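Before any comments, here is the structure.
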């Protein structure tokens, strides 16, 4: 029994040693998150970029926090001396027990617009997963004053109400125009019908007049022809011996 137990313990220790050598046991893994976008105007005296991290299987020692900035010029390493004073351009605050750090940009100007990256590392751990950076926060400093959220919400609601009002006015105008155009259209149709009837009546009267005139002329010509024929007949009878 003792020999079997000792053998199992030795096998377990060998397995742990192998796993530790390949990094399966005690592997330190970090993940870092930070806001991807921040926008302020020149009236802000300072802006703070927050960074949170989570560590799994890492040593109990406190990690190191680093900040980088990528702007229009060369990338910069920020706050290598700590940046603990608010009189500095940048101020770093660390709450490592709560897994939180932050970078404050003081006396904000448009030149501070850049991408700020938070980095967390356990220097004693050689693995790459023990040194991670966030996705970066794009800071945009506007040279014009931005509207507050309350004012933007109010303006959005006002624009929506105006859109509804304008739509209602347009619909009412269209309906009113249609209602006014219908009587005029009916009147025009009626007048056109009366004009057509009047024209038809005039044409009929003209046709009747022409027919009557032609009929009278035909009768007169017929009577004239008959008289001529009778005169010729009488003359013929008179000339016979």
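Easy rule for this one: first residue shown is 1, then count along the chain.
Placed from the backbone N, Cα and C atoms, the Cβ positions cover glycine too.
Going by Swiss-Prot, these are the annotated features:
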- 51-118: disulfide bond (DISULFID)
- 30-134: domain 'Ig-like C2-type' (DOMAIN)
- 214-241: region 'Disordered' (REGION)
- 1-27: signal peptide (SIGNAL)
- 175-241: topological domain 'Cytoplasmic' (TOPO_DOM)
- 154-174: transmembrane segment (TRANSMEM)
Hey, what's the Cβ neighbour count for residue 118 (disulfide bond) at 10 Å?
25
Packing count at residue 51 (disulfide bond) (other Cβ atoms within 10 Å of its Cβ):
24
Residue counts in helix (H, G, I), strand (E, B) and coil for the domain 'Ig-like C2-type' (30-134), per DSSP?
9 helix, 54 strand, 42 coil
